[in-house]
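Features of the protein shown, as given by TrEMBL:
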ACT_SITE  E89  active site, proton acceptor
ACT_SITE  C329  active site, S-methylcysteine intermediate
BINDING   C109, C113, C116  [4Fe-4S] cluster binding site
BINDING   G155, E156, S187, S210, L211, H212, N286  S-adenosyl-L-methionine binding site
DOMAIN    95-324  domain 'Radical SAM core'
Amino acid sequence: MKNALDLTTAEWRAELSGMGEPAFRAGQVFSWLHKGADFAQMRNLPASLRARLAERYDARGVEILEKFVSRQDGTVKYLYRLRDGNVIEGVRMRYHHGDTLCVSTQVGCRMGCAFCASTLEGLARSLSAGEILGQVIAANRDEMRIHNIVLMGSGEPLDNYEQTVRFLRLLREPGGLQTSLRAVSLSTCGLPARIRTLAEEGLPVTLSVSLHAPDDAIRAQLMPVARSVSMDELLAACRYYLDKTGRRVIFEYALIAGVNSRVEHAAALASRLRGMQCHVNLIPLNPVPERGLAGAEESAVQAFRQALEARHISVTVRREMGRDIAGACGQLRRGYLASEGAKEGNERA
Ligand code: SAH
């Protein structure tokens with residue numbers, strides 16, 4: 001069965017006309033779907049059409065399997081189930097102006113970053129645009145207050161380029177969620193050719209680049225992608241993105257004890273970024289026990305921040321949210337897979 005959320009309004013028009021329906025039905029179907037309705041709930045559609053659509057299409061594609069709410073700050077962690085039985089996770093963070101949803105673009109990831117739990121078992125598969133959108137719609141069904149979207153869940157969005165771009169276009173379509181792309185951030189480990197192509201799409205999302213290092217040698221230690229992409233090449237693509245879209249680039253930098261968190265590293269980073277319209281987000285590392293890496297001490301984080309500020313680099317330290325429920329990125333899915341594996345093991349035993 002096809003995922004109904006994959007289709008644009010124009011594609012619905014073609015699909016419905018093939019079923020002998022008038023063109024105006026396309027807008028009705030599209031806007032119901034994006035409100036989270038199932039076909040049975042589409043009151044202004046003839047019952048026969050609802051039944052025919054339900055035979056061909058799955059209106060949802062993504063269902064919330066489990067939900068964890070932080071007692072500390074209300075942060076929500078979702079475990080979603082896809083139609084093929086795969087599971088992915090997402091996070092809802094609460095802010096005064098509305099909630100931010102962190103969405104996944106792939107099941108697993110093949111980028112292999114040393115500190116990241118999402119990549120430990122490699123890539124299972126990429127998500128379709130409708131499955132990425134389905135996470136937002138499912139979260140809105142749970143509570144209708146998603147304002148901002150960050151593509152920072154599992155997966156590398158630019159390694160699933162076409163579906164990610166289709167998702168961004170679906171967000172903007174009339175009758176749909178009509179999210180401003182200014183409220184959307186796309187986080188990437190840094191694929192320069194794709195960053196340049198994205199800059200040409202007319203989709204002005206905020207580009208977040210996971211830098212995590214002041215130079216190629218340290219970066220290559222943490223991120224396999226850096227063995228084939230130099231920081232010069234990456235930063236040139238970021239400047240191009242800035243020129244084309246007018247959007248300042250955000251650099252993410254997780255401070256890891258004994259690796260990238262000394263004041264000299266901050267000074268080197270500042271000189272690389274000098275003169276560029278950008279912002280640095282310092283992230284406290286979520287420890288991933290499988291990886292044996294530890295976050296830098298609070299005093300080192302503050303010294304790093306001050307060293308950047310002293311060199312006129314705009315910087316913030318990201319607040320930790322939902323510590324009690326989240327674990328590191330990708331750990332919820334791992335925990336789930338491990339417990340399912342254990343169950344199977346028990347059954348077999
Ligand atoms: N593949 C994309 C998006 C997913 S990761 C990317 O690389 O940007 C989202 C962010 O979380 C990235 O900045 C990533 O480097 C960071 N991250 C991954 N594991 C982390 C951990 N254990 N602690 C802190 N940040 C982590």
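The backbone N, Cα and C atoms fix where each Cβ goes, glycine too.
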Q: Mind giving me a neighbour count for S210 (S-adenosyl-L-methionine binding site)? Other Cβ atoms within 10 Å of its Cβ, every protein chain shown.
A: 26
Q: Enumerate in sequence order the recorded positions E89, C116, L211 whose Cβ-atom distance to ligand 1 is under 6 angstroms.
A: C116
Q) C-alpha of E156 (S-adenosyl-L-methionine binding site) to C-alpha of the residue listed as 'active site, proton acceptor': distance in Å? A) 14
**Q.** Cβ neighbours of C113 ([4Fe-4S] cluster binding site) where a neighbour is any other Cβ within 10 Å
**A.** 21
Q) To the nearest whole angstrom, what is the C-alpha distance linking G155 (S-adenosyl-L-methionine binding site) and C113 ([4Fe-4S] cluster binding site)? A) 11
Q: Go through S187, N286, the listed binding-site residues, and name the one with the sparsest Cβ surroundings, counting other Cβ atoms within 10 Å.
A: N286
Q. Just counting, how many other CB atoms are there within 10 A of the CB of H212 (S-adenosyl-L-methionine binding site)?
A. 26
Q.
Among the binding-site residues C109, C116, L211, which residue has the fewest other Cβ atoms within 10 Å of its own Cβ?
A. C116
